[in-house]
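*Asks:* In case it helps, Swiss-Prot gives these features for our protein:
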SIGNAL    1-22  signal peptide
TOPO_DOM  23-242  topological domain 'Lumenal'
DOMAIN    24-231  domain 'MRH'
DISULFID  C26-C66  disulfide bond
CARBOHYD  N58  N-linked glycosylation site
DISULFID  C74-C81  disulfide bond
CARBOHYD  N85  N-linked glycosylation site
DISULFID  C156-C229  disulfide bond
REGION    163-202  region 'Disordered'
TRANSMEM  243-263  transmembrane segment
TOPO_DOM  264-305  topological domain 'Cytoplasmic'
Amino acid sequence: MARYKGLSILSLFAVFSSLASAELDCSNIKVDGVMWNFGKLGGAHSISETASSHEGYNTTYTLDICKPLTKTLCKKGAFVCAVRNATDINGIERTMDVIDIAGNFVLNSGRTLDPIFTRLKKEDPKTEGLKMELHGGKHKFGNLLKRQKAVITLLCDRERTGLEGLESPKPDGDKKKDGEKKDDDKKDNKDKEGKSKRDGEENKRSLIFKSYNEEEGTLDLEWKTKYACENVEDGGSAPSGHWGFFTWVIVLYVVLVSLPLLSERVTNVRCHSQPVPVHFGLSDIRLVAQLQPVWSSRVGLASSQ
């Protein structure tokens, strides 16, 4: 019996380990009949945020929307990880906190990624893209253990691949600070120049940090990319703009109704010595005229979706 239990535990451990390393099929996401392929956005990408209320602190958010991160301070199975650093008076940066935001943490908390996808056009017809909500993380702030999640809004931008301005994380989860002010910069110009550089970099970057709410445990990111569009090559594919099923039923009905009339007229032509012109009756023309607006509206509706 002990041996059987041992095998069961090993088997369960193997199952949980495989769940922790499970990938997200980012190249085949289907919502409301629309397919998205974000495979080219895969890989670990980082973005940093400096908390204005805590001078000297900065947080680096690293994510991979396709598979678990491999080089990170977060637990195994993390898809989104936050590393909070602080710089001391000697200019040495130290890691102060690590936050597991999203991932498959079956071996730790039993929570999984549980992805939720929402087509943006469903919320706003004028906005094209996909909202990706990833779960699984937990973190203790004070005495409270907060559940974490990442909300990534992938917006359609046909001029961007989505890789513009992205940073590659270091093995420890930190990153190189592009555009960071040097220590010998003048104090009077530091804030002004720093803000100007941040604004310029933000305009160039496709992945943008929006907010992190500690009370709700929610990280909000925005990602501009052509792969969020619904009709780009290797990206999204819009619902078919061809005629729908109901439209084809109407067309088939008209054809079936017209066939007996046409057959009768052809028979009459063969029976008469003099040629008799073949034409549709006035009722047929009226029927087609009445159905024409219906076809037009159906085609227009399909094209707009």
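Including glycine, each Cβ sits where the backbone N, Cα and C put it.
What's the neighbourhood like for these features in this structure?
*Replies:* Annotation note: C26 (disulfide bond) sits in a coil segment as assigned by DSSP. Within the same chain, the residues at least 6 positions away from C26 (disulfide bond) whose Cβ sits under 8 Å from its Cβ are N37, F38, G39, L41, G42, I65, C66, listed in sequence order.
Within 10 Å of the C-beta of N58 (N-linked glycosylation site) we count 19 further C-beta atoms, all protein chains included.
Mapped onto three states, the DSSP output places C74 (disulfide bond) in coil.
Secondary structure at N85 (N-linked glycosylation site), as computed by DSSP, is strand.
For C229 (disulfide bond), other Cβ atoms within 10 Å of its Cβ number 20. Secondary structure at C229 (disulfide bond), as computed by DSSP, is coil.
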*Asks:* Of the recorded positions N58, C74, C81, N85, which one has its Cα closest to the Cα of C156 (disulfide bond)?
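*Replies:* Spatially nearest to C156 (disulfide bond) by Cα position is C81.
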*Asks:* Consider the recorded positions C74, N85, C229 and say which one has the Cα lying nearest the Cα of N58 (N-linked glycosylation site).
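*Replies:* The answer is N85.
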*Asks:* Give the number of CB atoms, excluding that of N85 (N-linked glycosylation site) itself, located within 10 Å of its CB.
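*Replies:* There are 19 of them.
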*Asks:* What's the CA to CA span in angstrom from C229 (disulfide bond) over to C74 (disulfide bond)?
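*Replies:* Given the Cα positions, C229 (disulfide bond) is 32 Å from C74 (disulfide bond).
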*Asks:* Between N85 (N-linked glycosylation site) and C74 (disulfide bond), how many Å separate their Cα atoms?
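*Replies:* Computed Cα spacing between N85 (N-linked glycosylation site) and C74 (disulfide bond) is 14 Å.
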*Asks:* Which state, by DSSP, holds C66 (disulfide bond): helix, strand or coil?
*Replies:* coil
